[in-house]
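According to TrEMBL:
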TRANSMEM  75-99  transmembrane segment
TRANSMEM  160-182  transmembrane segment
TRANSMEM  202-222  transmembrane segment
TRANSMEM  262-286  transmembrane segment
TRANSMEM  298-315  transmembrane segment
TRANSMEM  335-357  transmembrane segment
TRANSMEM  377-396  transmembrane segment
TRANSMEM  448-468  transmembrane segment
TRANSMEM  475-494  transmembrane segment
DOMAIN    667-725  domain 'CBS'
Amino acid sequence: ISPAELASTPTEEPNGSGHLMDFLDEPFPDVGTYEDFHTIDWLREKSRDTDRHRKITSKSKESLWELIKSLLDAWSGWVVMLLIGLLSGTLAGVIDLAVDWMTDLKEGVCLTAFWYSHEQCCWTSNETTFDDRDKCPQWQKWAELMTGHAEGAGAYVLNYLLYVMWALLFSFLAVSLVRVFAPYACGSGIPEIKTILSGFIIRGYLGKWTLLIKTVTLVLAVSSGLSLGKEGPLVHVACCCGNLFCSLFSKYSKNEGKRREVLSAAAAAGVSVAFGAPIGGVLFSLEEVSYYFPLKTLWRSFFAALVAAFTLRAINPFGNSRLVLFYVEYHTPWYMAELVPFILLGVFGGLWGTLFIRANIAWCRRRKTTLLGKYPVLEVIAVTGITAVLAFPNPYTRRSTSELISELFNDCGALESSQLCDYVNNPNMSRPVDDIPDRPAGPGVYNALWQLALALVFKIVITIFTFGMKIPSGLFIPSMAVGAIAGRIVGIAVEQMAYHHHDWLIFKNWCRPGADCVTPGLYAMVGAAACLGEPRLMSFYPPIVMDFGKGLNGTSREESTPPTLATDERGPRGKAPLWAFLTQDPTRVEELEALIKDTDYKGFRVVISRESERFMGFVQGRDLPLAIRKSPFKQDGVVSSSVVYFTEDAPLLPPTNPQPLKLRRILNLSPFTVTDHTPMETVVDIFRKLGLRQCLVTRSGRLLGIITKKDVLRHMAQMMNQDPESIMFN
């Protein structure tokens, strides 16, 4: 790589793990921090934490108070995990309760206590019968409350209109709050969380306003009846809680690397409260979203997930004293022959994922050129109106998606009153409740099948247009709903085939007449699992562009990288100017200000002298103007004509000279460097495993330039005959 090519990097900040402060006891404010939409320096953050820990350990031997402070610092991590778990579980419980109430509010209201949902209202009723367990005099639909008539065409139309009006009101409030107060509260949040955990800075994405608005608008968006879920955004909510508590402890608020350890644990807590699975939350954080996951973070993540799950269980939003969102028990084992329909459901999941990704990307591109792209509020209102108008006539799309999935998962027992369990019963049957044999389907089952088929088409189409709007939206539940509907339809079909054709060879060995052979709910669960993972591939794609460490995992280094840095024949990109440098020799403040004004470099090399150009250290472009601007507040007598020193001891100056500016403390004396003969395979491994943004290239102690992760990616694209300038946005 030529020196000009290595040097022309005006958009990247250099890496380093050296001390930022080694001359003054107090640092300049904001020196050593990061700008918005920049990556952090993992090595520097690790070095900072090591220095802080060493300082605390040495002070703990001086007095009892310092020992207590060191113990508090050691336990602060567990305290943060406890607080994250408590707040995440509480917010998840409140969201679940509010969603249940507001979803039922679209259809009616509880007369005895308006804050009760339909199910809660009928719990305390003594007039509920077994056949009409969902009906009680305390709960009235809007038409019955306003006109006194619960049945008839007029009541149906009135309930229809009020259902649509409530849905439009909820969605309008959600999108308005997001646009006005917290634009970052839209979407799922998982791709951005993955990007942040890989070392990217997005100011305000995990702020207090985002937490508040996301919590409120998530309830409104889910209650509006749109084809979206709350499980994905709960991860964002939990990470906002983690960032909030990080600000209470300087150990985490002043170190971006340590902050990301807390955010990894918070992501685990978010999945824990979303699905009632603490271990699943830890695995999700470890395998999907985290870039740096040490062993201590593993245990702390599990602790935070457990606390969040137990807090949610104490609130008991589902009314069954269980953690999981969908709790089912199947008493009939599956058989080897059933692997064939299971495989077909897996194929359907792949086809659904492909269709969703391609169609949603195409719609997102189209959205930019339409009126809806310019007016996101109008888009949300339009999609909500279409969703509500089409969803109300079908009972399987009118109810909330979570209730739909729960009904599809359930096995038909003697106490079930769903249409899906309307089988023709044998009056002479005398079997246990949990071992009901296969029976011929009744009219309710056939009626439910065509309604489910319409619901499947509706969910597939409307989810494509819903995901990506400017409201909180998760993709877990809609994907599970699509798979559960398809699985239940396939399960009923296999069940009826096994009943009516039990003499076929495929059923003869394992399905006898009068036996409980096929469980349609199990097929719904398999279908939900098959469809859950496929569309999320798109959700995790965008941060791969910014996450160099994981973006290289699937690339062949032998084919795309030269043997050493010196053998790379690339020339400079465009008319790259020679790299500006600073010298250890005296330089005036006004000269530095002019250099900063005339260039947009993010880093400056410091050499011993202009003649030797022997490399001494690095100064970050962000730290240098901050130190100059704030120097009058830290060092008296500093003016534009003051001499700048990067040495540890400034020479004695005549009394008439102004006070010198000492910037030794912002000089990074040990940035990460390689020689020009370092194999490119090694350089790629260094970037991938250490999370570097860039490293310096030297020869015999003389700095040749700097190579960044974008340089490597561009060169790899060029080796594969791709446009090197578009690799960041492909």
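Cβ from N, Cα, C; glycine included.
Bear in mind that TrEMBL entries carry predicted annotations, made automatically and left uncurated.
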Two-stretch contact, the transmembrane segment (377-396) and the transmembrane segment (448-468), at least three Cβ pairs under 8 Å:
yes
Using a cut-off of under 8 Å between C-beta atoms, tell me which stretch among 160-182, 448-468, 475-494 contacts the transmembrane segment (335-357) the most.
475-494
Over the span of the domain 'CBS' (667-725), count residues by DSSP class, listing helix, strand and coil in order.
24 helix, 18 strand, 17 coil
For the domain 'CBS' (667-725), what's the model's average pLDDT?
78
What residues elsewhere in the chain lie close to the transmembrane segment (448-468), defined as a C-beta under 8 angstroms and at least 6 residues from its ends?
187, 226-228, 352, 355-356, 359-360, 363-364, 367, 383, 386-387, 390-391, 394-397, 404, 418-420, 422, 475, 478-479, 481-482, 485-486, 488-489, 492
